[in-house]
Amino acid sequence: MACLNNICKEVSDEKKMTKEEEDYTLDGTVDRHGQPAIRSKTGTWVSGILLLVNQGLATLAFFGVGVNLVLFLTRVLGQDNAEAANSVSKWTGTVYIFSLLGAFLSDSYWGRYKTCAIFQAIFVVGLVLLSISSSAFLLYPKGCGDEETPCGTHSTFHIVFFYLAIYMVALGNGGYQPTIATFGADQFDEEDPKEGHSKIAFFSFFYLALNLGSLFSNTILGYFEDQGMWTLGFWASAGSAFVALVLFLIGTPRYRHFKPQGNPLSRFCQVLVAAIRKWKVGIMPGDDHLFETDKNESAIKGDRRILHTEGFRFLDRAAIMTPNDYATDEEKNTRGRNPWRLCTITQVEEVKCILRLLPIWLCTILYSVVFTQMASLFVEQGDAMKTTVSNFDIPAASMSSFDILSVATFIFIYRRILDPIIARIKTNPKGLTELQRMGIGLVIAILAMVAAGVVEVFRLKYANKDCPNCNNASSLSIFWQIPQYMLIGASEVFMYVGQLEFFNGQAPDGLKSFGSALCMTSISLGNYVSSLLVTMVMKISTRDNMPGWIPGNLNKGRLDLFYFLLAALTTADLMIYIICAKWYKCIKFDGRTNGDDDDNKKSRPVTVAAQAEFRV
């Protein structure tokens, strides 16, 4: 009887152990102690919702500064319209350039959690310094900064202090943004069908949280700042960022983590050096002669191996095995692989993957030029229109609320209506691919620029040519800007949400934050290109004593021609994008490496984001 009880106990223990093993995530995530993450105790929507709220509050804080920055520069610092637009474009561009720094530290050394925490702290400090500089130095005489009362001159120290503060805001927000998007996606196990679907949905909700967070900034804070209450707006932003940081830290016990995979630059350099060293070695078709580790080993521990693809054949030489590829350790009397002479297929495919992503990424930059007009020229255009309804004055920057409402509306329409219909028509459960959605985003962006140009034509038609300062410089209502904002919002749902999914899904396991950073840096370069374009247009159009297309008094300019120019450039960009999308080959994984896997376990080929194929 005792023997029977022991057998029953052992069977019960085995079932209990099996149940516990099934509770672990399958994608290699760990908890905060470095142990395999238990599905029921970590991640999922509990962590996801907390990070979405964090994103919303951080975005509220960021746009509390960014949405009206162009007006702050003109009214408080005395810059003209073109100079202020360029300053905002450069600052916004710098925000997203810092995203590369955050992504590098996240993927290589710090991990996503630590990177998010540190850069959010920098973000809070920058907002506090900005609030102090505004209240103590810049808003002098008291009450200045509204439409009617310009501020006085400022010392070099005050200007330097201001720029130090806003570029600390840029550093903090830039380093945090791509990492939080990837960290949020990490909370869902893509190897589990249910959580994998939630991971795809997370990117839509992430972008929705970003836009809802900016809604308060664009309306309430935007109104107070437009009335000259800049200190109140900046301190509210600082408070929101602080609450976001506290909420982020509260969720610490619940988060899932991927361990940082080391410096990717060294792996890239190894492939290039090894390929150059073997430039005389012949390349045979197929991958049978190429080197790859066993499944229980990897050049990057815990990552999935990447299957070999054709294209960029020169790089395949780095994985061709030759007698000189192994170095001898005389002390241990052993021979080991020299990574600077022989690389794995996975390492080579990492480099190929980035090279294939670059043309797609370059094609998204011009879209960002269109997108950045909302924070600069759209605001200046609105400020030169009729902004009063009865006795209420509508801040020009608050019109971007219609962009946010459009994003929320079209995310719902796409996810709940369009996507299921298209999935049935195409007999594809995933509906439109990411690349197809990005192409649709470009088309809608062209329509947005055409709409903005048409509005400007009619604004000029009803303009007061003798307007000295362009406040209510036209009798055309500011509400005529609604279509262009709504079209930009619709294009964002297709372009930016598609970008987040595409770059995150197509990036190798050790470069997920870098994938999200590519989306951010396209916005960055879009701002710089916008600044360069404005400068070039003004230089060319101001010849022969002409006021130029974008003068201080827009009634004397031709802003409509600038919008039509952007529409033409985006059309050309769309043509190039279609060619690049047809050429693109998606990344293919071969299961996740795990040092504890048995040798007799077969890896299951997995095609991640296989829906990235672009079909017309």
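The backbone N, Cα and C atoms fix where each Cβ goes, and this holds for glycine too.
These numbers come from a predicted model, not from an experiment.
Feature annotations, courtesy of TrEMBL:
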type	residues	note
TRANSMEM	49-73	transmembrane segment
TRANSMEM	93-110	transmembrane segment
TRANSMEM	117-140	transmembrane segment
TRANSMEM	160-179	transmembrane segment
TRANSMEM	200-224	transmembrane segment
TRANSMEM	230-250	transmembrane segment
TRANSMEM	357-379	transmembrane segment
TRANSMEM	399-418	transmembrane segment
TRANSMEM	439-458	transmembrane segment
TRANSMEM	478-497	transmembrane segment
TRANSMEM	518-541	transmembrane segment
TRANSMEM	561-584	transmembrane segment
Please report, as numbers and ranges, the same-chain residues at least 6 past the borders of the transmembrane segment (49-73) whose CB is under 8 Å from any CB of it. 79, 83-85, 87-88, 91-92, 120, 123, 127, 130, 145, 166, 169, 173, 176, 180, 183-184, 187, 205-206, 209-214, 216-218, 221-222, 225-226, 230, 233-234, 236-238, 240-241, 243-244, 247-248, 250-251, 254, 375-376, 379-380, 383, 395-397, 400
Does the structure show the transmembrane segment (518-541) and the transmembrane segment (399-418) touching, where I'm treating 3 or more Cβ pairs under 8 angstroms (sequence separation 6 or more) as a contact? no
For the transmembrane segment (399-418), sequence-distant contacts whose Cβ falls under 8 Å of one of its Cβ atoms, 6 or more beyond its ends: 67, 201, 204, 207-208, 211-212, 214-215, 218-219, 374-375, 378-379, 382, 431, 478, 481-482, 485-490, 492-494, 497
The transmembrane segment (93-110): which same-chain residues, six or more beyond its ends, come within Cβ distance under 8 Å? 118-119, 167, 169-171, 173-179, 182, 260-264, 510-514, 516-517, 520-528, 531
Under 8 angstroms, Cβ to Cβ: which one of 117-140, 160-179, 478-497 has the largest number of such pairs with the transmembrane segment (230-250)? 117-140
Are there at least 3 C-beta pairs under 8 angstroms linking the transmembrane segment (160-179) and the transmembrane segment (561-584), leaving out pairs fewer than 6 apart in sequence? no
State, in range form, which of 160-179, 200-224, 439-458, 478-497 has the highest count of Cβ pairs under 8 Å to the transmembrane segment (357-379). 478-497
Which stretch from 160-179, 200-224, 478-497 shares the most C-beta pairs under 8 Å with the transmembrane segment (439-458)? 478-497
